[in-house]
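The block underneath contains the structure these notes are about, expressed in structure tokens.
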Amino acid sequence: MKWLLLLSLVALSECYIYKVPLVKKKSLRKNLMEQGLLQDYLKTHSINPASKYLKEAASMMATQPLENYMDMEYFGTIGIGTPPQEFTVIFDTGSSNLWVPSVYCSSPACSNHNRFNPQQSSTYQGTNQKLSVAYGTGSMTGILGYDTVQVGGITDTNQIFGLSETEPGSFLYYAPFDGILGLAYPSIASSGATPVFDNIWNQGLVSQDLFSVYLSSNDQGGSVVMFGGIDSSYFTGNLNWVPLSSETYWQITVDSITMNGQVIACSGSCQAIVDTGTSLLSGPTNAIASIQGYIGASQNANGEMVVSCSAINTLPNIVFTINGVQYPLPPSAYVLQSQQGCTSGFQGMDIPTSSGELWILGDVFIRQYFTVFDRGNNQVGLAPVA
């Protein structure tokens, strides 16, 4: 009996899932709108969501556009250093680097956020490597260092990360996050940096080489990133597994996109990235323009595609067929409701690749489907949320 108890305890310990709660906050776009700064920002900054996926090969000077995070609403807390210094970050499956503001940065954008102080960490190790994160007309520049990162109860030692030294421009002052924690593949990591999850797995800190994401539609909370396991209480039915078509981003093949049984986009298949770091559902501008027309969306002065809220009751599902399985998006998912009105969850952008133009399955899609990012088998698992 004692042996049975011991074996069950070992099994439980091997399957332990480390969870990071995600809090839903107002997006940077909404903060800028409330401050009356959005119009000025849009005039001086060219927002190109595609730029995130058009980076040149990783180099010593990393560049990662920040405009892509304008509409992000889900954020989690990590600790860096010994003792840990807390930071609010975006858990981003569309990038691979970790960076946060540092005390070396004195710009207003940095002063309004948590800043890492290497001198207050007994485990920090500096390097001579530089980092650059581009946005609009300027860029955040910084250095790379190593330290211990606390994430969801995991102690990730000797983790490389970026420390900002300059953050020009005023818009980052209102950002609801301090930094970014990338969860894509090492092949797209800037400066040859080892991504956080790779470092965690290499140290044997989780029992399964995967992590999973649940994004709640609830404004209060409930969203979570889980490292090292799958919690079936967050979804219904079985997970459907989709092999990756590229081990860079979490890239998969979509068979077709239909409405009322008719193909409206992605005829003959297309490539898509499952990206927690993109709020909307993005695709080629021509295809998205057609979809916006189907759902009656029109652009307002803030660059948003406005939809009549009453249309939610009459619009049809938009169905993504992936690896032979249909994933319907109801209008309540792709029409975003707020106190200011209703907007389309679709966004046009052009990302040409050798295999055609890319689609981005962002939070609009992930809110409907519990997602497993399986590094061990290079696949994505999808199931309807519970």
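Even glycines carry a Cβ here, placed using N, Cα and C.
What Swiss-Prot records for this protein:
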SIGNAL    1-15  signal peptide
DOMAIN    74-383  domain 'Peptidase A1'
ACT_SITE  D92  active site
DISULFID  C105-C110  disulfide bond
DISULFID  C266-C270  disulfide bond
ACT_SITE  D275  active site
DISULFID  C309-C342  disulfide bond
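Locations of recorded Swiss-Prot features on the structure.
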{"residue": "D92", "record": "active site", "DSSP class": "strand"}
{"residue": "C105", "record": "disulfide bond", "DSSP class": "coil"}
{"residue": "C110", "record": "disulfide bond", "DSSP class": "helix"}
{"residue": "C266", "record": "disulfide bond", "DSSP class": "coil"}
{"residue": "D275", "record": "active site", "DSSP class": "coil"}
{"residue": "C309", "record": "disulfide bond", "DSSP class": "helix"}
{"residue": "C342", "record": "disulfide bond", "DSSP class": "strand"}
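Checked against C105 (disulfide bond) by C-alpha proximity, the recorded positions C266, C270, D275, C309 yield D275 as the nearest. Within 10 Å of the C-beta of D92 (active site) there are 23 other C-beta atoms, taking all protein chains into account. In this structure, the C-alpha atom of C266 (disulfide bond) lies 18 angstrom from that of D275 (active site). In terms of Cα spacing, the disulfide-bonded residues C110, C270, C309, C342 all stay beyond 10 Å of D92 (active site).
Minimal Cβ crowding within 10 Å, among the disulfide-bonded residues C105, C266, C270, C309, is found at C309. Nearest in space to C110 (disulfide bond), taking C-alpha to C-alpha distance over the recorded positions C270, D275, C309, C342, is D275. Of the listed recorded positions, namely C110, D275, C342, the sparsest Cβ surroundings within 10 Å are found at C342. Across the structure, C309 (disulfide bond) and D275 (active site) are spaced 26 Å apart at their Cα atoms. The two recorded residues, D275 (active site) and C342 (disulfide bond), have Cα atoms 23 Å apart.
Counting only the Cα atoms, the space from C270 (disulfide bond) to C342 (disulfide bond) is about 28 angstrom.
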